[in-house]
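Notes to accompany the following structure.
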Amino acid sequence: DPAKQPKTIVDVGCGIGGSSRYLARKFGAECQGITLSPVQAGRANVLAKDEGLADKVSFQVADALKQPFPDGQFDLVWSMESGEHMPDKAKFVNELARVAAPGGTIIIVTWCHRDLGPSEVDLEPWEKKLLNRICNAYYLPEWCSTSDYVKLLQSLSLQDIKAADWSERVAPFWPAVIRSAFTWKGFISLLRSGLKAIKGALVMPLMIQGYQKGVIKFAIITCRKP
């Protein structure tokens, strides 16, 4: 229904703006992206201009935990693989809800760990060790579960909360990345990228292990602001 399509969108943790450009084209909406990286914001603005979207899409350096927008500004609040980088998940979700307009949609797509069982109070030691090694390589804070996100959204009285596990569909991404990284061209690119990129590449098999053993989940959580 065109009448229900978003007219204003914020892309929280936009990277170089791929999602923003796609959403702007799809809905004809105005989209603003925020990232902590000046390099990403600059590159995103250049790409938007090159693709004829500079009148629809813009990017700036800003903190997702303290967004530079007034309350209730956006019809769609979109966060694609940025939640796992947030050190304060409660503050992150609160900011998403704050900038959403009444009736607006919030979509969070993020890495999570598995939901705990009824009798569990924490992950198994080996699971925590695996995730910690990934966090150290990718500079991530502590992980949370999909159910943790749902509880945070419930605490803010958001409505129509839904969650889905897309892990099975996303898991093949990591072997594909490894295959591309360890070609001759990929190897040269890694060497040029420096030690941090090499460190991240070496940890990719742990991501595969995490998916195979059910520790890592790729989740989508959606809700509506009343």
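Heads up, the Cβ atoms here are built off N, Cα and C, so glycines get one too.
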Review point. Any idea which of 39-48, 99-108, 149-158 is down as region 'SAM motif III' in TrEMBL?
Key: 99-108
Revision key, fill the gap. Students should find that the region 'SAM motif II' stretch in TrEMBL, chosen from 54-62, 72-80, 171-179, 198-206, is 72-80
Point to revise | DSSP helix/strand/coil residue counts for the region 'SAM motif II' (72-80) | key: 0 helix, 7 strand, 2 coil
